[in-house]
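Participant: According to TrEMBL, the protein has these features:
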type     : residues : note
DOMAIN   : 33-168   : domain 'YncI copper-binding'
REGION   : 149-180  : region 'Disordered'
SIGNAL   : 1-32     : signal peptide
TRANSMEM : 188-210  : transmembrane segment
Amino acid sequence: MSTRPRRLALRAVTVLASAGALVLLGTAPAFAHVTAQPGEARQGGYGVVSLRVPTESETAGTVALQVTLPADHPIRSVRTSPMPGWTVALVRSGETVTGVTWTADAGVRIGPGQFADFALSLGPLPSDTDTLVLPTVQTYDDGEVVAWDQPPNADGSEPERPAPTVELLPAGSGGEETAAATDGTARWLGGAGLLVGALGLGLGGGAVLANRRTAKENHR
């Protein structure tokens with residue numbers, strides 16, 4: 001069986017362990033930044049990216065969000081999802097959407113300890129870069145403005161105010177391997193199930209014969 005499912009399982013365990021560590025660490029501001037979900041997409045394809053926005057303030061609420069789309073990698077199609085209580089506006093330069101702004105209606109906010117997802121349908125995604133950086137500005141109802149606009153550091157470490165990023169994978173890469181691995185795993189599990197079933201039938205048949213022999217001997 002391919003080692004890829006094992007790697008995926010190990011990665012899932014690692015992610016779960018990391019998530020547990022975040023819960024144990026509490027609501028430290030370093031872990032409350034705006035992120036892009038999911039963190040991966042395909043070059044040249046279309047995808048839905050959600051900006052996950054937590055409120056890290058203990059007293060104020062988030063009332064506005066502004067994201068800037070990369071001018072050096074223009075995206076032709078940008079669509080938003082209806083979000084009750086929020087007004088959305090697209091910022092354009094000619095026919096290209098360069099940014100999106102969400103503004104909360106009166107009395108609406110993302111309160112302390114809460115988060116919200118702001119969905120964007122984007123495409124075609126750039127084919128000439130492996131990272132889509134989405135600088136974002138978060139505004140609170142007490143007037144505080146937090147810019148999540150710093151690109152990843154060259155050494156791979158996280159900056160103080162990281163911009164949401166999406167890793168762009170080469171088009172078509174990994175899909176066939178994943179499908180093959182999944183199919184192989186399914187066949188292996190199916191074969192194992194048949195083997196277990198056959199063993200069960202064999203044991204059951206043996207038990208029936210043994211009971212019949214015992215009954216005959218007792219009858220004699």
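Backbone N, Cα and C atoms are what each Cβ position is placed from, and that goes for glycine too.
Because TrEMBL annotations are produced automatically, they should be read as predictions rather than curated entries.
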Participant: If you average per-residue pLDDT over the domain 'YncI copper-binding' (33-168), what number do you get?
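Facilitator: Taking every residue in the domain 'YncI copper-binding' (33-168) and averaging pLDDT yields 96.
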Participant: Looking only at the domain 'YncI copper-binding' (33-168), how are its residues distributed among DSSP helix, strand and coil?
Facilitator: 0 helix, 70 strand, 66 coil
